[in-house]
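Here is the structure we will look at.
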Amino acid sequence: MPILNESLLRTRIFIGRGFRRSRCPYCGHHYWTLNPSQDNCGDQPCTPYGFIGNPPGTYRPESIKDVRERFLSFFEKRGHTRVARYPVVARWRNDVYLVGASIYDFQPWVTEGVVPPPANPLTISQPSIRLTDVDKVGRSGRHLTGFEMMAHHAFNFPGKEIYWINETVEYAHEFFTRELGFRDDEVTYKENIWEGGGNAGESFEVLVRGLELATLVFMHYRVIGDEYREMPIRIVDTGYGLERIYWVLTGKPTIYEAVFEGFLNKARQLLGLPKPDEKVLASLAIHMGQLDPEVLALDKAYVEVAKRIGIDSSELINFIKPQEALYVLADHSRTVSWMINDGVIPSNSGVGYLARLLIRRMLKYMHVIGAQVPLTEIFNTHLNYLINDYPELKESMQLILDLVDLEEAKYKSAISQLPKLISRIKGELTINDLINLYDSHGIPPEVVRDEAAKRGVKVNVPDNFYEMLAARHQKPAKGEEGNRLDVTADDVIDLPPTRELFYEDTYAFEGKAKVLKVIKGKYIVLDSTIFYPEGGGQPADRGVLRFNGVEAKVVDVQRVGPVIVHVIDGPTPGVGDVVEMRIDSERRLGLMRMHTGTHILLQSIRRVLGKHVWQAGAQKDIPLSRLDVTHYRLPTPDEVKRIEELANEVVLSDLPVKAELMPRNEAEAKYGFIIYQGGVVPGGEVRIVKVGEGNDTYDVEACGGTHLDRTSRIGLIKIVKVDKIQEGVIRFIFTTGKYALDYVRNLEGKLDSAASKLRVGRDEVDEAVDRLIKELNNAEERSRVLARKAIEADLANIVKSMITVSGFKVAVYYEDYWVRDYLQELASKYPGDVLVLIHGNEYQVYTNGKVKAIDVAKVLNELGGKGGGSGTFAQGVFNNPVKQDDVVNTIKRKLTLTQ
């Protein structure tokens, strides 16, 4: 952590207005105030809330929307451009799943100076999600997983200063005092250091009556490992908590009662819960706030707060538990709705894991309060409020309800398996057991604890259990970096970027280039190349290099930074040689059809299944390619048919396919973040591939692959197979062009073969199969009738061979028919105690429970075999055929039967 630069924080408003800088005796932080009698920093837990039931200021908003608009308008009037909110899923980043603050919108591309900001200065109100405090939600009175961070940002580039610390603090003070009507001496500025997303800087936490309402960060460090390096860009990064400001202005007992008041009232009616005593609620919120950050030591916290309030701790727990559950339902339902609306499908991996975590917590709390309504009713009730503030949720409302309903069904199924799962765990259940039960089966630890208690096993559930889970899954796992070659960046550091002829003309299959470097005898760097290097799910081109009358095969092509390296098999050219390049044109065209076909197929899937569909992975290859997409169930045959028809309509429409380089900001503003279907694209410019144009534009994506120039050149898109490969991910296997034709011809060949075997024409196969199935069913019914007669005959013979051993009836019988259903029915009608059936080298033992089948199997194994089983059934094999008399005699001699 860098040392706080005190001189930076001595702003002109503090000096000019006579603010006093003091050190808090409780937490040690310095703070600035106009209040001469203030003796602490003004933050929790150093001071209690002073606004509950007594809101500060003169401004009384009618709704939370009024506060948001007041903030944005305030900064618009002061030269800031209003910017629309970004999605809560950070598709433009590969280091985090979710947007946790407004600055996430501009990291890393703007903060690193790769691209300019969308406006400068700007103001925004960004929905954000943080699960670091998920276990505190509902308990502390102020924590949320989803919140809106209102902000104003300024990006100060070298030679182009916008504004810095003085103006930022003045804006904050003016907003809180003039716009909201707070007294000057009620606004405290606490010094601190902020760090996040690879950047850091000094900051002020803006506090009013015990609550932090905003953070003003002056970002000028880049964090690299343990080092803090000065950035060329100095960034004003502010965050004003919309919900917290609204809470303070209403003076409600908790942030939930302020923000979700309408929903909570409806939910209490729906669930049959009484409205709590606001005085007790207010007192509880004040005291729980002051116990923070130790608030998670719940047992001690409730006892301590109960003492302070003057009631019994058990009475307090009975009072707070239903309210805590309601607050969790309110917060989590909004957060999950935001996530699903922005394309998240609840699952057991990736960002979907985090959505499922919140839904499972809601279901757990529904269980705690004994709710008898489905979770979808909670969501439906809340969504009817949320769509007034977030109208975009209206379009996603049915999808949200469908996914929540599906998640509840999966949860109930998992819970039904709990007794069996717990029985497999020997001894005490550890935290790792609880984590594994949640990660593998989605069972909340509190439910595990209750089930374990029935078995006399005590389970301790950490109060921060869900925070532990979220921390394990909050970032994407880092894949292997670099290339597969024995070539490093140092090997090519002295070389210029390779000219990429494959982008200039994707139909250039031949060309000439100059050799710039030969590395280790087989890695060739040219000044330009028509060979496409592997990337974006598209394999590298193959072909040959010809020079000096010889030829070398190009077997692989990879990027090493901006340089393209060709791997050859054969003679090696010399530096300075001019080589003739020739790629396998048929293979390249096949891959181009597959890549353009992937874009068309993905867009067709989205149009049929819904806008929540995102690409989860792709591999373009020949003769088959795959496309993985996010979706919550396997598509129906009719949906697959519609997808294929839609894709081929685009092929037949002969739409143009064009690629162009665009500034990242311009592309995002024009097309939205949907351009990142294929993942994060680095750099200040992105290559946009557009299928169609004008009103006929079908698909737009950022893509670095090679594409056809018109859709008709694909010829045909044929979906071969559709599978669910994991929860929330569907895989489409497809083919295009001549490979699609080959696939159809192969199917026709199989159809002709079936027709020949059925002795019918190709168009009569379906009816012939129906007739065959009917005949087979009739034959099976006749077989069952005959089997029943055979069983009667076999039983008569078995009973004749029955012997008595230790008072029990035992029969050993050689059976020519080894059909499981037949044997089971035969055994069920056997009137004795032990039945041994032998077929060749195999045996089966059936008993009525008086004798253990496994004991009989152990005896039979002495004849040279192996087998095992349970109390009433066993099976095994003999190493060699055995005689019936040997089996009978062995049983008589060695089997000890006990009742």
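Glycine is no exception: its Cβ is also placed from the backbone N, Cα and C atoms.
Features of the protein shown, as given by Swiss-Prot:
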- HIS595, HIS599, CYS703, HIS707: Zn(2+) binding site (BINDING)
- [ ] Other Cβ atoms within 10 Å is the metric here; tell me which of the binding-site residues HIS595, HIS599, HIS707 scores highest.
- [x] HIS599
Open item on the list: DSSP secondary structure for HIS595 (Zn(2+) binding site), reduced to helix/strand/coil, please.
Closed with: helix
TODO: Check each residue in the chain of CYS703 (Zn(2+) binding site) that is at least six apart in sequence and keep those whose C-beta is under 8 Å from its C-beta; list them in sequence order.
DONE: GLY536, HIS595, HIS599, ALA659, GLY678, VAL681, ARG687, ILE688, VAL689
Task: Conformational class of CYS703 (Zn(2+) binding site) under the three-state DSSP mapping - done: coil
Open item on the list: Residues other than HIS595, HIS599, CYS703, HIS707 within 8 Å, Cβ to Cβ centroid, of the Zn(2+) site?
Closed with: THR596, THR598, VAL657, VAL689, GLU701, GLY705, THR706
